[in-house]
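Asker: Pasting in a structure now, in C-alpha cells, and then I'll have a few things to ask.
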Amino acid sequence: MKICVVGAGYVGLTLSAALASIGHDMICTDKDVKKIGQLKKGVIPFYEPGLSDAILRCGNLSFSSEVKSSMEECPVIFIAVGTPPRSDGSADTKALQSVIGDLSEAIRSYKTIITKSTVPPGTNENIAKQLIASGVSKNLFNIVSNPEFLREGNALYDMLHPDKTVIGVQEEDHVSAAIVKSIYKHIDTPFIVTSLAGAELIKYANNFFLAAKISFINEMARICEAYQSDISDISRAIGLDPRIGKHFLQAGIGYGGSCFPKDLQALQFAAQEKNTETFLLRAVQHINDTQLGLYIKKIQSFFETLQGKKAAVLGISFKPNTDDIRNSQAVRLMERLAELGCDVHAYDPEAVLPEHLRQHVTQHSQAFDAIEESDFLFLATEWSEFLAFDWKKAADIMKGRLVIDGRNVLKKELIEACGLICTGVGRP
C-alpha cells in the first residue's frame, strides 16, 4: 500500500521505517527542507537505537519536503506532527492546523486520514468538520485516530510488536477500521476499535496511569524514609501482584520527557474545559514537581554550603537510550545546583546540554573527566554504562565521598566498599 506520513519527527520516522519494513511503499514528508535533506543522506536528527539502520535498509522509503504533492499521491495519510504544550497547559495544534490546510487542497480522490499525533478529545471530529467547511466532500475522506504508545529507546520494537493497536472511527464510518487493520496485517497485535474521542482519551489515560504509578512509588519512598524501610523491597513485593504489575515502580527523581508532563497538562486542561475536577491528576503532577527538592535537601544535609562545590552529574537525557532532554529531571537538577552555586560538570553518552545551561554547566566527553575532583556525584539517568561503573576508580579521583543515586539502581554495598557514601530515596 502507498502511504504518506506527514511529520519527520520521532513518531513519523519510526512509523515510516516500521511500515516500510513490512512491505508498504512509504513517503515521509516534512516542511523542514534541511531535515529532509539530511534524511535523504541517511542522517537521523535524533538518537534512537536501531532506527538509523532500519531507515538505511528500506529501499521503499523516500523523503520529501513537498507535503501537498506527497499527500496527493497516497490513498492513506498518517499525521504525526508535534502538539507541544502552550503556557496554559493546553495542546498547541498549530502544526496540525497547517496539515489540515494542506489536506484541504490535496484531497482529490478518496483518502483515509489517520492521526498518530496525541491530541485532545474532540480534535479529530473537528478535523473532519474543518475539511468539510473548506469545501472537501465528506465522501472523499474518513478520519481515524490511531495513537502511538512508543517508548523512547525502544520505539522501533514497540511499533512492530505493540501490546495493542487502537483504532478510533466516526460512528458512520464502516470502512476505515478494516483499512487500518490491513495496514498492520503483518504485525501481531490486538485491535481496540472505538470512537474518535475514545481513542484520543485512551492515549491520555495510558500516560496518566503510568505517571501515576511513578508518583505513587515516589510518595511511598518518602514514607519509607520516615520509617527507615527500603522502597525496593516494597516495589518488588507489590509488583508481584498481577493486578499491579512490576513496571514503573522504580522510585527516583521523577518522570520527564516529551509525553508524560505534556499529556497530563493537556488532559487536565481538557477536563477543566468540561468543568470536571481532577484531584488525582493534580496530585500526580504535584508529587513529581516536588520530588527533586527532596534530593536537593539530601545533598544540602551533607554540606554547610553548596557554594563552590563541584557537582558531577551522570546523565542529561530524561531516560536512557535516547538523546531527548525535553522535561529532563537531570536538566532541572543541574539548573538547581547551578543556582545554589555549584560548579556543575556533566556527562551523557548521547545527550547534549540545552543551550541555556552551557554557560553554567561543563559537559565532558568522558564520565571520569566529569567526576575528577568532584565533591559529590549524582546519578541522574540510568544508562547501562553507569550500572557497570568502576567505583574504585571513581573513589580514587573524587575529592568528596558522596554518591547520590537518583534512580535507585546502584548497588550500595559495592559502592560503599570502595570508601564512598551512597544514598538514594526511600532506602536506609
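The backbone N, Cα and C atoms fix where each Cβ goes, glycine too.
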Asker: Look at the substrate binding annotation in Swiss-Prot, where Glu148, Phe149, Leu150, Arg151, Glu152, Lys203, Asn207, Phe248, Leu249, Gln250, Ala251, Gly252, Gly256 are given, and name the residue from Lys40, Lys41, Lys68, Lys319 listed for that site too.
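Answerer: My reading of Swiss-Prot gives Lys319 as the candidate in that site.
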Asker: Should Asn207 (substrate binding site) be counted as helix, strand, or coil on the basis of DSSP?
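Answerer: The three-state answer is helix.
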Asker: Counting Cβ neighbours within 10 Å across all chains shown, tell me which of the binding-site residues Val5, Val11, Leu150, Leu249, Ala251 comes out on top.
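Answerer: Neighbour-count leader: Val5.
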Asker: Fewest other Cβ atoms within 10 Å: which of the binding-site residues Lys2, Ala17 wins that one? Let me know.
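Answerer: Candidates: the binding-site residues Lys2, Ala17. Fewest Cβ atoms within 10 Å: Lys2.
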Asker: Measure between the Cα atoms of every pair in Glu148, Phe149, Leu150, Arg151, Glu152, Lys203, Asn207, Phe248, Leu249, Gln250, Ala251, Gly252, Gly256, Lys319, the residues the record assigns to substrate, and report the largest value in Å, rounded to a whole number.
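Answerer: Value for the max Cα separation, rounded to a whole number: 26 Å.
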Asker: When you rank Glu148, Ala251, Cys259 by Cα distance to Thr14 (NAD(+) binding site), which of the recorded positions ends up on top as the closest?
Answerer: Glu148
